[in-house]
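Data first, discussion second: the structure below is written as structure tokens.
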Amino acid sequence: MTPDNTRTSSENNNTDLEQFQRIRAKNRRKRYLDTHPEYFETALELADPLLYDRLIRRFQTPAEREAERRSKGFSGILEADLLRSEARLDASKEKSSTACKVRRKPSIANTIDEHPEDAPKTKEEGKERWLYEMTMRFIRGDDDDFDYKGVDESEEFDDRDEEIREEEERYFEQEEPEWVLEEPGTSGEKSKLTGETGIQDF
């Protein structure tokens, strides 16, 4: 094996390891959310105020909005209103300069004008879409206020059953199919069967 081949193999191993670690970290983040639903009760409105307006706020009753404002307190209300105003201004500038109605942050859409087909039809649909966007945001690592290290490096959030299934799948994918039959009159000696037999073991 030449040095070039050795280096290539080593680089491939490093790439595989990095990819495995990224996947494991994302799996642990998803597992964290599954076991800590209270995460979605935090002030996630500030992550994307306009998206929150489109998916959640538009379906709130006056009583629900008032209860939300009381729970935020004055400083929370002020911060949300400021961020919402800034987001609307940025979206408006983007629309004017590009003649495009949508401004995208990391895979989350801030819009001023909304196509009717894009709007959620019910409160439940809006909440489902909001939870999905916030889940993807968290898994990508875009929540700057969250300490991901405590989750990414914790085996507490590993799903061992799922990992075992994935390891078994990888093992069998690498195995070559092989059939072994006992030939009559060979005193238990076995021979490999090659070619198609019409019988496959799944």
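Every residue gets a Cβ built from N, Cα and C, even glycine.
Taken from TrEMBL, the feature compositional bias 'Basic and acidic residues' covers 112-124.
Sequence annotations record features per position, and here TrEMBL assigns compositional bias 'Acidic residues' to 153-166.
Across the domain 'CCD97-like C-terminal' (27-110), the DSSP tally of helix, strand and coil residues reads 65 helix, 7 strand, 12 coil. Residues or ranges marked as domain 'CCD97-like C-terminal' by TrEMBL: 27-110.
What TrEMBL records for 88-124 (among others) is region 'Disordered'.
The feature region 'Disordered' is assigned by TrEMBL to 145-202 (among others).
For the domain 'CCD97-like C-terminal' (27-110), the mean pLDDT of the prediction comes to 78.
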